[in-house]
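Reviewing the structure listed below.
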Amino acid sequence: MKQELIERFTRYVKIDTQSNEESHTVPTTPGQIEFGKLLVEELKEIGLSEVTMDEKGYVMATLPANTDKDVPVIGFLAHLDTATDFTGKNVKPQIHENFDGNAITLNEELNVVLTPEQFPELPSYKGHTIITTDGTTLLGADDKAGLTEIMVAMNYLIHNPQIKHGKIRVAFTPDEEIGRGPSHFDVEAFGASFAYTMDGGPLGGLEYESFNAASAKLTFRGTNTHPGTAKNKMRNASKLAMEFDRQLPVEEAPEYTEGYEGFYHLLSLNGDVEQSKAYYIIRDFDRNHFEARKNNIKDIVKNMQEKYGEDAIVLEMNDQYYNMLEKIEPVREIVDIAYEAMKSLNIEPNIHPIRGGTDGSQLSYMGLPTPNIFTGGENYHGKFEYVSVDTMEKAVQVIVEIARRFEEQA
């Protein structure tokens, strides 16, 4: 199993599948279509049925039941794309067998070193086989580790028919990293009662709480005149943006928050005297606090409009996704089965809120309750990203055990 994980994963990460927020096509990049087509062929080779890829790049497949019991249809999902935060082109995965727990020089020429001082969890992987970058790209373990694990788990179940299971549906979605993964996902066609995203991090991760999320785009309009004669005439749009930001609580930003704490996050700010644009995201686990944050932004805008004129600021605010907990609680048994599966494999479940979102956040509100499970990756979205193959193997075992337990309890 370990060799299959390494072979598939290292092959998959070499395909550039970064999504593109500026694109309006679905999927947003051609690499995702290329990858999807490859997976369609490999799913067929493994022996899955009903293998499809639609024109928008959504891949679906079925592992038929091998039991006469009436078992709920369960699904496993991962996403095709990788993050936009750092380049994912020409990924050169580096395999480190029997890792000694010490610093790894990823790139001598560029002096890129993965150190325990910077990443304290690193020594805990001593003895593992880990896969790193070469220091020039991200790795793409988010989410090609999860995708690989699903492929290997399906292959394992087909070759071990003594493990009884109900019908299993598999799906690989595009554009998750830019929040569009479920936008064109056909829940009815997928046909599962519930599902699990394989899109978590270190060993034991089991997540079923996510942020409530919104975006706020602000356009500040100024009046430009010659600075020598600007008194009582100039209105500086960039300074309006700065004035707006100063009215948000300084300590309620990502760099000062953790756990269940929400935040405002200024993603980008650019402009000049004539016009300036600021793009924020708003996050909170508590729905009331989430609404209060959005109202705070609206109030600041209203007060500044009264001061500078209604045309001085334009606000566009949109909800992105909601805390999946509300939709998971009524079917709590899907979390319990995953929890029990981990415990039976001597994995200590690490239940914590997702300080972000997964496809499951949106899918849960589309009628497909979908918690999230670990994949074995660390330091996602950058050159220090790595994955433990040993933990990937554990994730495969969890998928298999979840399928077995649903059949056993039917």
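If you go along the chain as it appears here, the first residue is 1 and each next one adds 1.
Heads up, the Cβ atoms here are built off N, Cα and C, so glycines get one too.
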The Zn(2+) 1 site in Swiss-Prot lists ASP142, ASP199. Which one of HIS79, HIS96, HIS265 belongs there according to the record? HIS79
Cβ-centroid neighbours of Zn(2+) 2 site ASP142, GLU177, HIS381, 8 Å, sequence order: THR82, ALA83, THR84, ASP85, LEU138, ASP143, TYR380
If one measures from the C-alpha of ASP199 (Zn(2+) 1 binding site) to the C-alpha of ASP81 (active site), what distance in angstrom results, rounded to a whole number? 12
Give the sequence-ordered set of same-chain residues, not counting HIS79, ASP142, ASP199, with Cβ within 8 Å of the centre of the Cβ atoms defining the Zn(2+) 1 site. ALA78, ASP143, GLY146, LEU147, GLU176, GLU177, THR197, MET198, THR358, ASP359, THR375
Restricting to the chain of HIS381 (Zn(2+) 2 binding site) and a gap of 6 or more, list residues whose Cβ falls under 8 Å of its Cβ, or answer none. ALA83, ASP85, PHE86, LEU138, ASP142
Show which residues of the chain containing ASP81 (active site), separated from it by at least 6 in sequence, have their CB under 8 Å from its CB. THR17, GLN18, SER19, PRO27, THR28, THR29, GLN32, PRO174, ASP175, GLU176, GLU177, ILE178
Please list, in sequence order, the residues in the chain of HIS79 (Zn(2+) 1 binding site) that are at least six apart in sequence and whose C-beta is under 8 Å away from its C-beta. ASP143, GLY146, LEU147, PHE172, THR173, PRO174, ASP175, GLU176, GLU177, GLY181, ASP199, ASP359
